[in-house]
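Remarks on the structure that follows.
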Amino acid sequence: MPAKLSVNLNAIAMLRNRRDLPWPDVAHFGQIALSAGASGLTVHPRPDQRHIRFSDLPVLRALIDDRFPGAEFNIEGYPTEDFLVLCEKTQPEQVTLVPDDPSQATSDHGWDFRKHAVFLKDVVGRLKAGGMRVSLFADGDGEREPVELAAETGAARIELYTGPYGGCFDDTQKADLLVEKLGQTADHAAALGLAVNAGHDLTVANLPKLMKRIPNLAEVSIGHGLTADAMEYGMAETVRRFCQACGQRNS
């Protein structure tokens, strides 16, 4: 089964924010991505708004509602009160909770579910009551207990942190080891009734191996590698390439 592609727009927003100018237009690139076959858009609004701005959210929400009603909006972030209120106002189809410190450059680890289980259960319950699906950022280390604890929060999905796998480059032996651990984690999730997303440093080159090991992968969220390719091939063609790497047939 093909995985859905959600295009992360943070890198586009970061480029825009280098100047006090309205371009590149985040919503315009979101429109191109969805028109080219992406199933959704992802943003990670940080407290300092260093890339995605809070004002981007209603614009992207309206884009999906008005032009692409079958697409999904995914908002990532650490669940502060301000973040939760932002989600409640925006009503994304999915909220992906990550354990980031506000100063982190990017998400680089999953939740410690042993430590944060009670906290996450409360947050998940609040978001679900608001009609949002919740995914929890998780390390793909192959252990079962953390996945069991994630399932007990009431979340519908986990998102596998694929950074170490994405960073292997040409080290095939290491990549094989890491993708097997990711696969074991996904197997535990499936057995516990959790759907599985994945994200971080995924590329057209490394997606097929991941898809082969996790054929039930529901969604991948990709920003940096996709944006880098878009600088060479254009956004629309790049999205089509990533959709194909996800196992989708280009229309």
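Glycine residues also receive a Cβ, built from the backbone N, Cα and C atoms like all the rest.
Per Swiss-Prot, the features are:
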ACT_SITE  HIS44  active site, proton acceptor
ACT_SITE  GLU76  active site, proton acceptor
ACT_SITE  HIS200  active site, proton donor
BINDING   ASN8, ARG19, ASP201, GLY223, HIS224  3-amino-2-oxopropyl phosphate binding site
BINDING   ARG46, HIS51, THR106  1-deoxy-D-xylulose 5-phosphate binding site
SITE      GLU159  site 'Transition state stabilizer'
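When Cβ atoms from all protein chains are considered, those within 10 Å of ARG19 (3-amino-2-oxopropyl phosphate binding site) total 8, not counting its own. HIS44 (active site, proton acceptor) falls outside any helix or strand according to DSSP and counts as coil. A 10 Å cutoff on Cβ-Cβ distances gives HIS44 (active site, proton acceptor) a total of 22 other Cβ atoms nearby, all chains included. Listed in sequence order, the recorded positions from ARG46, GLU159, HIS224 having a Cα within 10 Å of the Cα of GLU76 (active site, proton acceptor) are ARG46. Within 10 Å of the C-beta of GLY223 (3-amino-2-oxopropyl phosphate binding site) we count 25 further C-beta atoms, all protein chains included. Note: the Cα of ASP201 (3-amino-2-oxopropyl phosphate binding site) and the Cα of GLU159 (site 'Transition state stabilizer') are spaced 13 Å from each other.
Put simply, of the recorded positions HIS44, HIS51, GLU159, HIS200, the one whose Cα is nearest the Cα of ARG19 (3-amino-2-oxopropyl phosphate binding site) is HIS51. The shortest Cα-Cα distance from HIS224 (3-amino-2-oxopropyl phosphate binding site) to any of the recorded positions (HIS44, ARG46, HIS51, GLU159, HIS200) is found for HIS200. For the recorded positions listed here (GLU76, GLU159, ASP201), the lowest count of other CB atoms within 10 A around the CB belongs to ASP201. Taking the C-alpha positions, the distance from HIS51 (1-deoxy-D-xylulose 5-phosphate binding site) to ASN8 (3-amino-2-oxopropyl phosphate binding site) comes to 11 Å. Closest by Cα distance to ASN8 (3-amino-2-oxopropyl phosphate binding site), from the recorded positions HIS44, ARG46, GLU159, HIS200, is HIS44. Look at the Cβ of each of the binding-site residues ARG46, HIS224 and count the other Cβ atoms within 10 Å; the largest number goes with ARG46.
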